[in-house]
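Peer 1: Just lifted these from TrEMBL, have a look:
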type: TRANSMEM; residues: 39-59; note: transmembrane segment
type: TRANSMEM; residues: 453-476; note: transmembrane segment
type: TRANSMEM; residues: 496-518; note: transmembrane segment
type: TRANSMEM; residues: 530-549; note: transmembrane segment
type: TRANSMEM; residues: 569-597; note: transmembrane segment
type: TRANSMEM; residues: 618-639; note: transmembrane segment
type: TRANSMEM; residues: 671-691; note: transmembrane segment
Amino acid sequence: MATEKQDKEEEVKTDDGSPKIKPRPIVQLGIFLISHSPVFSVVFSAAGVMALLLLPLLAKNTYISENALMPGSARSMLSHRDVSDGSKLVNDVKNFRLNHEGQGVEVQRLIGNYMLDMGAEVSYQKFQPEGNHFHPLHFFSGPASFTNLGNVSCASYGVNVAGIIRAPRGDGKESIVLVTPYDFINGGDYEALSLGIASSLFSLLARVTWLSKDIIWLVADSRYGDYRPVAAWLTEYHTPSFEVSDLSKCDELNPSDSFRRAGTVAAALVVKVDGRSERFEDTLSIYAEASNGQMPNLDLINVVNYLAVHRQGFYVKVEKVVSLLSSSWLKTVGEIFEAVGKVARTLNPDWKFGIPAADYLEGSATLASSLYSQALGIPTGPHGAFRDYQVDAITLKVSPRFPPDNKGRQHEFFLRGAQLLEGTIRSVNNLLEKFHQSFFLYLLTSPGKFISVGVYMIAFALLVAPLPMVAASLYIDGCTTQNPAENLKSWKWLDAAKQVFALHLLGFIVTLLPYFICQVPGEQSPTNRSFIWAATSSSLLLITFVTVPGCSPFSSRLHGANWAVLKSVTISAAFIGLCLMSIINFATAEIGALLLVPMCLMVRPIKPDLRSRRVKSLLRALCSMVLVTNGFPVMFFAISKGLIGEGLVGLGLGGEFWTWLESLWAWKSATYLYIGMVHLPCWLLCLYILFHPS
């Protein structure tokens, strides 16, 4: 025993007698990962892409999390008299528009009179069209900060009509909003059918006794788009303005009709009838994406989907990328997963892995659409205005299977549509609190299947995991000196940090340039504005090379192994930017990681590879150039357009790209900031490393 104790004491001491500190397991693991970073970067990147391809297989069936909703538990109380009232309103609106074309707000008065006859409190709201102007100081402002067009005449304003039914069993503290956008000037026959559905339901709700939440029916004047009238009404509802508007001079409506309010909005449904269905059954399309990837509580979608499918017999769908349905490589991946699933079930019947290849194609196309719509950060319907006030809302677009002049089918269509809304409102009416039980972060692969945040975040984590390991490995290689003790004290990273900071500052300035370009007098086409933007940005880049010491690629200070330290700092900046973006909009970070991570990991100076003329080196240089080329924002925009079947080439590409960016900043999408302040600077740094004079 004494001998063993003496041996242990000798093992923990160094030659000079000082105790030897054994590194902790986590430190040893970190050293192991850093020393083998090339292998692990390939493994993690491949695993991240594989995790994305597996997402349609991992989708779960939707379910009702909140027991109080109880969809379909009560029998519908809608009568044929209610449906007849809705049909009468539609006929009166059509006839009035035919006989009184361009008669101001008379159609609004007609709808308001119908609401009054049902016992509702009616109010009219005037609003101005919104200007689409980029202002950097308003980017992070609230939803009430919109830009009005100047010199708006009385003939160009819009008028919303809102009717409120007070709940007989409520205290006026909560409400449910039903929105039907309608163009009072150029509205079509199909669009008028949405008024019939809402009027049938409103006629019922005006006489029921089970309501505990007030009901608001908003007929939004959609002559300036569906979103603007809803946003204007919500702004007045939540943040009333006491200033006298210029529209008060327009006295077509009774000025004594003050704006009326109900309680806090618990949920909202936007109903539109949008053209004839391509199928042999009535189709219901659900749109849920709001600004910056926000989604309503999944229970709201589940209630609508359950009632539409199992009670009313609608064919329910969500948007999908149609071009992926004919993708041969995606079909091959689906067939492989289907074969693997069959093998797994033969080994163990309890292993439910794999789905049919056709279902995999459908799920992938829907998943791609959901991911892309969330990444854009642009609302897919008027419901997005409610989400800005943290109200759960969705847009329901119904496509009937009959022409609009078919009176026989119209009655049945109104009945089924109103019963669907009745069941949904009855479920929301049962809630004693806001939606909170189900998911707010999810992706849809079908109306009845979803992927939760705990599943789809794995792919992002695997993609960005190699970045800190490779950054540490490159820093150690770039700062290696003859004296190992001085490696950690090296200041070689400071020059690289200056270059990275300078180019990120340039990205911030480039992000603000559209504001100044829009101030240029005269009408400029999107193509001309994109050229001005590109020329100004290139000039600023040259100025940065001249003014910042060591930032120019022609600087003599860049020769040697400094590119490794620069790449290390670049990868660190990309890692921080992607992680921050994942907090704001996870879908944007996911797509950004697919582009940025391979480019940052793979790029290296091509001059040594071209001089060596070995096959391995030439392939590495080719991969670096391809990744950097595809990582350019304009190039990726063209590729993405091609994937969804809208190929763009030539000079029109610049104009389309400007229009696309204009839509991003108009909707205050954080994706615009990511492109200008994270992706573009990192792409410039990768291009900088690619042509490094090593």
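Including glycine, each Cβ sits where the backbone N, Cα and C put it.
Annotations in TrEMBL come from automatic prediction, not curation.
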Peer 1: Let me check one thing: do the transmembrane segment (671-691) and the transmembrane segment (39-59) come into contact, meaning three or more Cβ pairs under 8 Å with sequence separation of at least 6?
Peer 2: no
Peer 1: What stretch in 39-59, 530-549, 569-597, 618-639 has the biggest tally of Cβ pairs under 8 Å against the transmembrane segment (453-476)?
Peer 2: 569-597
Peer 1: Going along the chain, which residues at least six beyond the ends of the transmembrane segment (39-59) come within the CB cut-off of under 8 Å?
Peer 2: 33, 333, 337, 341, 353-355, 359-360, 363-364, 367, 443, 445-446, 449-451, 455-456, 458-463, 465-466, 469-470, 590, 593-594, 597-598, 601
